[in-house]
Amino acid sequence: MAMLRSGYRRFGCLRAALKSLAQTHHRSITFCIDPSLGLNEEQKGFQKVAFDFAAREMAPNMAEWDQKELFPVDVMRKAAQLGFGGVYVRTDVGGSGLSRLDTSVIFEALATGCTSTTAYISIHNMCAWMIDSFGNEEQRHKFCPPLCTMEKFASYCLTEPGSGSDAASLLTSAKQQGDHYILNGSKAFISGGGESDIYVVMCRTGGSGAKGISCIVVEKGTPGLSFGKKEKKVGWNSQPTRAVIFEDCAVPVANRIGTEGQGFLIAMKGLNGGRINVASCSLGAAHASVILTQEHLKVRKQFGAPLARSQYLQFQLADMATKLVASRLMIRTAAVALQEEREDAVALCSMAKLFATEECFAICNQALQMHGGYGYLKDYAVQQYMRDSRVHQILEGSNEVMRMLISRNLLQD
């Protein structure tokens, strides 16, 4: 037992497993869960870069970031040097200009090293994409370059204390006075709140409903912008979560992204990609959990034999692997549909987010169970993957909302 504990303590087994995973496509043995299956050579190349970065820079630190609630700014900026700060932002403003499928491949790989940190990076990317896609040339060249290098960090501000799933009922107001908007209201559960430099804010410039919402960029340090206390969370502890508060906060009209009344459309377009991104983060957590369980079953002995000889546990592992691969296929199908702007892309993104976040959490939870008492210790990575992936069923549109969007597509006339 002492040897087993020392082998796993402080996530040492995780680092070794991820290093091995990063080298998988160079090996003669191909496992059925190989994440490079179906990818072209270029995609395999940047996937390996992401896996290597996850194993080298993230996995050795994920436990400390979680337990000390550290926001790993320096490591994220290293990720940005590899092009991960603006993965699907256009190249003329510093982005990598990659596809939605490419982005999913990268976020899955990074999430094996730290799911929480990768999830923040994915939100940051979504904000940069919104500005790149809907901003004018001046806005694109002002905001996107420092976001792509992660010199500056971004937060997405949609949810409010009184409007979660019913986002179109948001109350934060922006009243124009001359060449400024005066913002009043608050946003809740904002990832990066208080630490980010740029806040992409959905606020009400017109009447009630979705058509009265606009998108405005608020920069940190603007008078009237403040933040609530840092929330204590079950997971996602490597990224701070705070309320974002606006009290007579004057923001230049020039910071409005798109036209007045276009904000809800921008928000929903961003979330379609955000759902692929967060599902990919769940996929990375589940993939790492399967790898760790695979190793644990070979090493841990009970009743005089390795756990890997138990047919029941073999079947459990097989189910986990099957759910993992099915999730990956759904995510990648939806990513391609979104890239091609297919009419069913919203439903497919919703399906992928719904299925992958639920099944991948189930994989992480089962991995903890199969580690026995060790899985419940914070010295072992499986518990962190389970905690960090749980919230994915709630954010970027709850899975109940995903079911609404899917059924709406099916029942349309």
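The count begins at 1 with the first shown residue.
Quick reminder: no glycine exception, Cβ is built from N, Cα and C everywhere.
Just so it is clear, the model here is predicted, and its values are computed rather than measured.
For E396 (active site, proton acceptor), the number of other Cβ atoms no farther than 10 Å from its own Cβ, over all displayed protein chains, is 29. Under the DSSP three-state reduction, E396 (active site, proton acceptor) is assigned to coil, being neither helix nor strand. Summarising the annotation, Swiss-Prot assigns active site, proton acceptor to E396.
Residues within less than 8 Å, Cβ to Cβ, of G162 (FAD binding site) and separated from it by at least 6 positions along the same chain comprise S169, L171. As annotated by Swiss-Prot, FAD binding site applies to 156-165, 189-191, R300, 310-311, 369-373, 398-400.
Cβ neighbours of R275 (substrate binding site) (same chain, under 8 Å, six or more residues apart in sequence): A334, C349, S350, A352, K353, E396, G397, M402. Under the heading substrate binding site, Swiss-Prot lists S165, N272, G273, G274, R275, R408, citing similarity to another entry as support.
Taken from Swiss-Prot, the feature N6-succinyllysine covers K48 (among others). Within 10 Å of the C-beta atom of K48 (N6-succinyllysine) sit 18 other C-beta atoms, taking all shown protein chains into account.
According to Swiss-Prot, the N6-acetyllysine annotation covers K48 (among others).
According to Swiss-Prot, the feature N6-succinyllysine maps to K211 (among others), an assignment based on a large-scale study or a structure entry. DSSP assigns K211 (N6-succinyllysine) to a helical segment in the three-state reduction. Listed in sequence order, G261, F264 are the same-chain residues at least 6 apart in sequence whose CB falls under 8 Å from the CB of K211 (N6-succinyllysine).
Sequence-distant neighbours of K229 (N6-acetyllysine) (same chain, 6+ apart, CB under 8 A from its CB) are R242, A243. Annotated N6-acetyllysine per Swiss-Prot: K229 (among others), in sequence order, evidence recorded as a large-scale study or a structure entry.
Neighbour density for K269 (N6-succinyllysine): within 10 A of its CB lie 18 other CB atoms from the protein chains shown. What Swiss-Prot lists as N6-succinyllysine is K269 (among others), and the listing cites a large-scale study or a structure entry.
Here Swiss-Prot flags 1-20 as transit peptide, drawing on sequence analysis.
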I need the nearest neighbour of N272 (substrate binding site) among the binding-site residues Q311, H371, S398, using C-alpha distances. S398
Would you mind listing, in sequence order, the residues at least six apart from S165 (FAD binding site) in the same chain with a Cβ closer than 8 Å to its Cβ? G397, S398, E400, V401
When you measure from the Cβ of R408 (substrate binding site), how many other Cβ atoms are you left with inside 10 Å? 12
Minimum Cβ neighbour count within 10 Å among the binding-site residues T159, N272, Q311, S398: which residue? Q311
Spatial neighbour of G273 (substrate binding site) that is closest, considering only the recorded positions K48, T159, Q311 and their CA atoms: T159
